[in-house]
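Novice: Okay, handing you the structure first.
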């Protein structure tokens, strides 16, 4: 404490991924097209689902919200990262830093819950196909979406304001490329033990309940698939949830690697690589996973493109 300047900081310095100008330029040329693909892919997915009546089903209703979350999630982090890579200024104001953290936690927690809702939807479709329209009614789907956003809002409204009330002293250097809670807490010149417990309880509960829901849903799905006698029937049943299972594995795998481990095992290099993956790469991958592995989406895209082509010919 005595070695630190106790003056409350008004801004932070995002140290970024590297100090090398050459590597920063390479990363910029890599991240920029990834972000553009993310925007085009997720906006395209939302538009296709809205425009194509055959995709007005619970699964695609959830998928449209997943695309919205991925688009927002990436837009909270990537533009500032690109700016820092291209310019020498690495400063971010105190307010902007915590606003970034607020939306990062909100969108991340919401996506966790939404993925568990999508797992429940696949469970209902495969294990109770006759009751599926009743189980996944429009009202039920809207309630699940509302619940996802509400849980995300509660998580971020508890943890981020608690962190923002801490006193931060110089040095004000965040050794990350965005305002991540694990990188901000060590900068506090006040005790963070109680806040860390609060964050762990709320974030841990959200993650644990979501993982339990996903695990139970897929165990039931696996049990149902194993009861199917024909190989083609098993393949068809598995293909309906393969895209979601892949998306869940990638998202939760990187999140667990980064956050569910002791603070002492924090590794700047490894954690930053994982962070790049789930903040920049995963939002690009999800629309590709759901479109390239989904015949309905590809067919819907072809129909939308054909309708536009026919409309131009009529003009």
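Residue 1 is the first one shown; counting continues down the chain.
Just so you know, glycine gets a Cβ as well, placed from its N, Cα and C.
Whatever TrEMBL says is automated annotation, not expert-curated.
The domain 'G-protein coupled receptors family 1 profile' annotation in TrEMBL covers 41-290. What TrEMBL records for 25-48, 98-120, 141-160, 197-225, 237-260, 272-292 is transmembrane segment.
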Novice: The transmembrane segment (237-260) vs the transmembrane segment (141-160): three or more C-beta pairs under 8 Å (separation of 6 or more)?
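Specialist: They are not in contact.
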Novice: Can you tell me which of 25-48, 98-120, 197-225, 272-292 gets the most C-beta pairs within less than 8 Å of the transmembrane segment (141-160)?
Specialist: 98-120
Novice: Under 8 angstroms, Cβ to Cβ: which one of 25-48, 98-120, 197-225 has the largest number of such pairs with the transmembrane segment (272-292)?
Specialist: 25-48
Novice: Could you please provide the mean pLDDT value for the domain 'G-protein coupled receptors family 1 profile' (41-290)?
Specialist: 88
